[in-house]
């Protein structure tokens, strides 16, 4: 009996130990499960917190971007509303005050321009070159602040060096030829090798640009080079044709410049008094204050102005005649080109007969001056195409968030604001004149410039040949 009790007691102890072991195992398992569960929960919570943080950061970023976009839009809208014309929200007194300032400053600029034109072709050419310098300065200044922030080395130095190179290529040769007449030993070399010296300057600028490249701003530096070359092409190259027009006769400079000024004035006043009263939509999205009424009205007034102002300019030889080899401030007299002379137009007999038979109209002959009809073509270009030069400039101002390129002229802005349409107009005049008006003849000035590039021995050969030809033609010697 006692033995059975002992056996039963042992079995109970074993069962209890097994139960305790299983219980401890279950506790460990549950503990590990709890730890895994808590770890998973922690990772889930951490992931959720990271996700929430990312959402908060993204939301802040989006808010900042939205704020920046709103600010940028406000700046652009503000510059658009103020860029060219008066704000629609301005009170009448403020509008008329701005109109008065703009009118007074415009009259001053026209007066100064008239004084420059009354001097000499050379002075007018220098005036155009001075305008190029000011336009280049204003355009480069748009990106100078950004370049300064990025610490671009020699930014201004390289820009002005490329400008000097382009000036030397386009304008130095005539000056060197003139100086070679007085100091042949010094300047003859530069006349003969002008093209080589121009190329050498370009190579120097190219190498200097490569040497100034800095890691981290490569893209920006190349964009700056592109910007500079674009300015040189748009300003210096096109202005070179303006100067060529001047020496063909001041009329080819005064007339197109006056057409652009006239178109700008009448577009402003027509838009000021009639804008959006008949067509309530902007002319161009890039420049919302430009109106259809101003555009259409200015075209009509510009056509009338070009026709009659051209007739006025024909009264003066110093405006019509090309410069040639005359000295500084000398009076000009020339045999006028047929385009400046009156012609009689007679209608063909067939047209005269039809007009009288069906319309009861007698078509009589009339006199006209060809240049006045050419002036109408120039006026159409100046009214329909040249204003896009202004829209191009407006796009640049919107891109860089500025109202005007400068504030040198109150109510008008900078030099670029006043000459943005003149460059493409000057190029058009050069192409139109050489294509449809200029007669095919040998230019003595061009021959003289080439003779001055020769050495003294070569000049003596030319001299002897010319002497023999003149003596033979005049009969002073026998053949």
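Cβ coordinates are placed from backbone N, Cα and C, and glycine is handled just like the others.
Not measured: the values here are computed from a predicted model.
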As Swiss-Prot has it, transmembrane segment corresponds, among 67-87, 88-108, 109-129, to residues 109-129
State, for residue 188 and residue 427, whether Swiss-Prot gives them the same topological domain name and hence the same side of the membrane.
yes
With Swiss-Prot as the source, which of 139-159, 160-180, 265-285, 328-348 is set down as transmembrane segment?
160-180
According to Swiss-Prot, which stretch among 10-30, 31-51, 220-240, 241-261 corresponds to the feature transmembrane segment?
241-261
Write down the single range among 294-314, 399-419 that appears in Swiss-Prot as transmembrane segment.
294-314
Among the ranges 109-129, 160-180, 193-213, 241-261, 376-396, the one whose Cβ pairs under 8 Å to the transmembrane segment (294-314) are most numerous
376-396
Counted with DSSP (H/G/I as helix, E/B as strand, rest coil), the topological domain 'Extracellular' (130-159) has 25 helix, 0 strand, 5 coil
Please give the average pLDDT for the topological domain 'Cytoplasmic' (181-192) in this predicted model.
85
For the topological domain 'Extracellular' (315-375), how many residues does DSSP put in helix, in strand and in coil?
24 helix, 6 strand, 31 coil
Range from 109-129, 193-213, 376-396 with most C-beta pairs under 8 A to the transmembrane segment (241-261)
109-129
Taking DSSP states H, G and I as helix and E and B as strand, how many residues of the topological domain 'Extracellular' (214-240) are helix, strand and coil?
23 helix, 0 strand, 4 coil
